[in-house]
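Annotation source TrEMBL lists region 'Disordered' at A:1-35. Residues or ranges marked as compositional bias 'Low complexity' by TrEMBL: A:10-19. Among the features that TrEMBL reports, compositional bias 'Basic and acidic residues' is placed at A:21-35. The annotation domain 'SUF system FeS cluster assembly SufBD core' is assigned in TrEMBL to A:123-350.
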Amino acid sequence: MAVIDATGRPPAAAAPAAPVRSRDPEAHPVPTGREEAWRFTPLRPLKPLIAGQEPDGKIDISVAAPEGVEVEFVDADDPRVGRVLTPVDRVAAFATVRAGGAVAVTVPGETELTEPIVAALRGEGGVCYSHLVVEVGPFARATVVLDHTGTAKYAGNVEVHVGHGASVTFVSLQDWDDDAVHAGAHAFSVGRDAKLRATHLTLGGHLVRINPTVDYRGPGGDAELAGLFFTDAGQHQEHRLLVTHLERNCRSRVTYKGALQGADAHSVWIGDVLIGADAVGTDTYEINRNLVLTDGARADSVPNLEILTGEVAGAGHASATGRFDDEVLFYLMARGIPAGEARRLVVRGFFGEVLDRIDVPALRDRVMAAVDAELSAVGA
Amino acid sequence: MSTLEIRNLHVSVETDGEGPREILRGVNLTVRKGETHAIMGPNGSGKSTLSYAIAGHPKYTVTEGSITLDGADVLAMGVDTRARAGIFLAMQYPVEVPGVSVSNFLRTSATAVRGEAPKLRLWVKEVKETMGFLEMDQAFAERGVNEGFSGGEKKRHEILQMMLLKPKIAILDETDSGLDVDALRVVSAGINAVRETGETGTLLITHYTRILRYVQPEFVHVMAGGKIVDEGGSELAATLEESGYDKYVKVGAGA
């Protein structure tokens, strides 16, 4: 596959100024679009959320949880709220304030769940906000799925705490209708010797901007972040990741793959990794690969690694954006495979690394079917 | 009776910024099933262009002439239709298809060419035996298509496809290039196995005579300057081995 190396970008000249961290929306400036954090994002669709407009719509949240898991609605001043997530922008700050509380899911320590916890979030139109807290106790094992469908102008905060020695698989599927707007601050904290596998799958929406962040609450934590997006004509899909290594001997892996097709399809991937001065023994690698299927689509990809200690076990990043390779198409067609099927084969192969790791079979099948449908919509 | 007929074929290629350039200038060739033809010639004579034009690569434009397979107009067919009609091109430089396993690729291809999915049990056996014949490790089937393959592995993989797809006309574009003696022996055995069925017409495109010691053609054609400038039996290959292409290059340059 022809690959255009996109890592040739100059690194940010200086570390960006530390953003304001506050639960108070008014502590955050109104973005103008010139800020580093907002320069790729069309602000117009986000206006009501930036302004903190009172909700006039609804997002219907239903949580299906196996026995032993506690699901409750708690006040915004509950100690669990804000334990992992401190908003870095107005939208995230408003999400908590306007949600008027949080859905809290608690998996007690040493509980081993065999079935996933599934939160279905269905947008019913209009401006709406929510806040979700997931607490997984020490040595517990759980899978959490967020399934976003319908439409809304929606700001949703999610905070997930993985207790020490626990293991959490988290999947967030953005399967929105074409006109949905979704700004999501998804914050994860990984306890001592805990393991997190978080996957973001973004298929739909008019504008989706997810901000996954990871920090570690003890040494030995392991976070694998994966993502898949399929960006269609007129869609803006943005994933900005920040992994902050301040603890020793923690590991992070970031693997995001995107396919784009159609006029003004725009994807943004920002991968920021910060390794603090005390975070010796850190092992981190992040990669974003994009496959541009048609003319008129644009993929922005910016990896950024800041290292303040000389004693890392490994630190690297890669980014590559390539066009669909006509020679590959010729090769497959020269073996009798029709063009449409050849494209599906190539795109499935491209996404395989991320798709194969979704260990919720129904979800994996749904994503594959959605990708196939997207491909046949354009025809080949 | 499968017959590939090429008549007065003129082919141009789009060049960067210099407009179309004519590469083939009136090629005539007939390949019948069971026959083996070698097309030889110096670099730039148009050998590879001929193979790509038959397979339908979009970069090459046929400006004049015809190609038919059993009377059907090949030029009117898309690339995949040609393959399903029985034309197979073993590529000189097979491309990587990342993340798509060899086994998935072979099965998808066989399903398309045969018109139905092969029965799984029989298929697995067939692939296994053919890989064994080509001295390929079974683990090979789980690798990504051409991903990290050595030159020899790529060519074996091309011959594996040919053996499984059983084409009416097989075009082998410099399949011998870059092979060591062992790989050449194995690949040639694969080509001969297909020839011995008597169901396939083989068009062997090569710069060197080395492979012709393993795969003996009944017909040898020499290309230069976009035309076939000499024809004969296998004895012509022996002459070329001694005298090289010098005299043809002069003819080609004057054309």
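Even glycines carry a Cβ here, placed using N, Cα and C.
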Long-range neighbours of the compositional bias 'Basic and acidic residues' (A:21-35), counting only residues six or more past its ends (CB under 8 A):
41, 43, 50, 52, 82, 86-90, 93-94, 96-97
Any idea what the model's mean pLDDT is for the domain 'SUF system FeS cluster assembly SufBD core' (A:123-350)?
97
Three-state composition of the compositional bias 'Basic and acidic residues' (A:21-35), taking helix and strand from DSSP:
3 helix, 0 strand, 12 coil
